[in-house]
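J.: Below is one structure. I have some questions about it.
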Amino acid sequence: MPPSISAFQAAYIGIEVLIALVSVPGNVLVIWAVKVNQALRDATFCFIVSLAVADVAVGALVIPLAILINIGPETYFHTCLMVACPVLILTQSSILALLAIAVDRYLRVKIPLRYKAVVTPRRAAVAIAGCWILSLVVGLTPMFGWNNLREVQRAWAANGSVGEPVIKCEFEKVISMEYMVYFNFFVWVLPPLLLMVLIYLEVFYLIRRQLSKKASASSGDPHKYYGKELKIAKSLALILFLFALSWLPLHILNCVTLFCPSCQKPSILVYTAIFLTHGNSAMNPIVYAFRIHKFRVTFLKIWNDHFRCRPAPAGDGDEDLPEEKPND
């Protein structure tokens, strides 16, 4: 270990590595499950795959870059900016994937009979591509000029230096807090989160109303359908809650930095907020395993088929996976 790394930094790196070691395999397992189980091929699970891809990238790319920034190497301004932007792209992709999931669940309970005609695989693919393109635009905005280059250049010139500034690479040194608060948080994080809360409230209202009507009419299949929708909606709302719980503290700290520059932010608070944002990428597979039956069964099948030391018992083949049913 290089002598320049303090004990505190070593602890930080250790926690980040642990998060990555949970996040990457867990989300790869989610993608694998959707690939092997035909019952996990509807639009919702395609959006979940998009979310899992972003979470894999957090563990495989963002966390190593965060460790690099924490060590604080000296580099050119735009090189540091390129290191800082991936987390913005992936965060935005996660938010838009969660929004797409919420809209998809709303359509499933609002227009159940027309759902498959409206939400086609092609449209779902277009929506996913649109989410990623928009995420790239939002996340790369600092590369287009909304950054701290002018301030850094002034300090660089004041020291009599010429050429592109060489700085100690830190997130707040290159990313403008005006961008993070006014554009990223107030436009692309907070409004989508509030919209998703409203959508899930409407979803729960529609499901409760349908369950009440169907129960009173003693209907079988519709009651079962909306019961399943309620269970899945609760699980996905939990994913949304965990995302908000993980990301809002860091955005609130950014607001403090912008609106109260003289306010001191305890290092432990900042690092806790960072750990929450990265740790969120490891939470989703755990929620899927405990809350969504199709995922749990498929995870067990993958484990039995590929990782157990002894052969899986007969009958653990594809026939044991949950079968896809209309509107299931």
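Here the Cβ of each residue, glycine as well, is placed from N, Cα and C on the backbone.
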J.: On the same side of the membrane, Ser6 and Asn304, at least as Swiss-Prot annotates them?
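T.: Different domain labels for Ser6 and Asn304.
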J.: Quick one: which of Cys80, Cys255, Cys260 does Swiss-Prot link to Cys169 by a disulfide?
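T.: Swiss-Prot annotates a disulfide bond between Cys169 and Cys80.
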J.: Restricting to the chain of Asn159 (N-linked glycosylation site) and a gap of 6 or more, list residues whose Cβ falls under 8 Å of its Cβ, or answer none.
T.: none
J.: With pairs restricted to those 6 or more apart in sequence, evaluate whether the transmembrane segment (124-146) and the transmembrane segment (268-292) have 3+ C-beta pairs under 8 Å.
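T.: No, the transmembrane segment (124-146) does not contact the transmembrane segment (268-292).
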J.: How does the topological domain 'Extracellular' (70-80) divide up by DSSP, counting helix, then strand, then coil residues?
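T.: Going through the topological domain 'Extracellular' (70-80) residue by residue, I get 6 helix, 3 strand, 2 coil.
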